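Novice: Feature table excerpt (TrEMBL):
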type: DOMAIN; residues: 1-348; note: domain 'Major facilitator superfamily (MFS) profile'
type: TRANSMEM; residues: 16-38; note: transmembrane segment
type: TRANSMEM; residues: 58-79; note: transmembrane segment
type: TRANSMEM; residues: 149-167; note: transmembrane segment
type: TRANSMEM; residues: 205-225; note: transmembrane segment
type: TRANSMEM; residues: 254-281; note: transmembrane segment
type: TRANSMEM; residues: 293-314; note: transmembrane segment
type: TRANSMEM; residues: 326-344; note: transmembrane segment
Amino acid sequence: LQVYISEISHPGVRGMLGACPQIMAVLGSLVLYALGKWRQGPESPPNRAARAGLVLDWRWLAVAGEVPVLAMIVLLCFVPNSPRFLLSQEKDEEALGSLCWLRGKDTDYAREYEQIKDSVRKQSQRVSCAEIKDPFIYKPILIAVGMRFLQQLSGVTCVLVYLQSIFKKTSVILKPEYDAALVGLVRLFSVAIAAVSMDKAGRKILLFVSAGVMLVSNLTMGLYIHFVPASQNSTIANKTLASFANLPAAPTNYITLIPLLATMFFIMGYAMGWGPITWLLMSEILPLKARGVASGLCVVVSWLTAFILTQFFLRVVEAFGLEVPFLFFTIICAGNILFTGCCVPETKGRSLEQIESFFRTGRRSFMR
């Protein structure tokens, strides 16, 4: 989807359109959460935690989920193939008609068509083993794979998967049923910021800010867990009213908000930079001849890294404590800043042809 959006979008709005899938995914999660409610189970004692129940039965909820799928299938019938794909299939007339439909008849789409055509004709249909050694091929692939790898190593999947366990260990005063709503609202707000500012501020500045916010958040969590033992957290959280009167109220209230705020800022930082932009840059910088295979490689590396991290997260916590993973994520976020500064090109306002020329020639002037 990201590759298709990049191929059909105008450079001036490619960032905003590229963030739309992330916005729709988060919005869909919030809609599903809105269809749920929390109720007291009839067999549960009054002092036992409430169990979750859905407004719709899960079978009807599954049926309702087919509605957007069917709508997508119908709407896909009206979606044109991208001009670059059509030109790679030697369907020049269809490519010109597709670009005319996408840009409008009153625009200078013929000039853009010639630029795309010239770029496509310079490349063969498939990349050979010998061509992999060409910097034009392997450099953007390494950058895209590296970004997907570092994105997952920053700990976002572990935080989202084990959010309730992390909050429980840090004694956050927050009911479990509010976790999904909190995460969804923060992510939606942050992705919306990224969508609005990506084509104005640029990709790299958002990546720097995103990695910086995640670094501070992970460091805060690691130091908080290290210096505030879990036993002290539990004691603070479980004090009776009688014994609580002997403790100052302010420290108890504020200290339990630290992990909650750190987690919120971590999710915010991820969603405004290293979440949507890594997908967008992957589709922007990969060369046309290797775009399909390289995109698949990026996805495999991303989810394989996420799988390994989630498998070892709890084992590391049990062996070394919860602060160790967060301090590790802090180091990775520092590496993200260095990687962004040294390896990631700025693609704001540049056509895919200009980006390919940058990697083909290595001339910085193509990116200015």
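Glycine too: its Cβ is placed from the backbone N, Cα and C atoms.
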Novice: Among the recorded stretches 149-167, 205-225, 254-281, 326-344, which has the greatest number of Cβ pairs closer than 8 Å to the transmembrane segment (293-314)?
Specialist: 149-167
Novice: Going through 58-79, 149-167, 254-281 one by one, which has the most CB pairs that fall under 8 Å from the transmembrane segment (326-344)?
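Specialist: Answer is 149-167, with the largest number of Cβ pairs below 8 Å.
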Novice: Find the average pLDDT over the domain 'Major facilitator superfamily (MFS) profile' (1-348) in the predicted model and report it.
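Specialist: Its mean pLDDT is 78.
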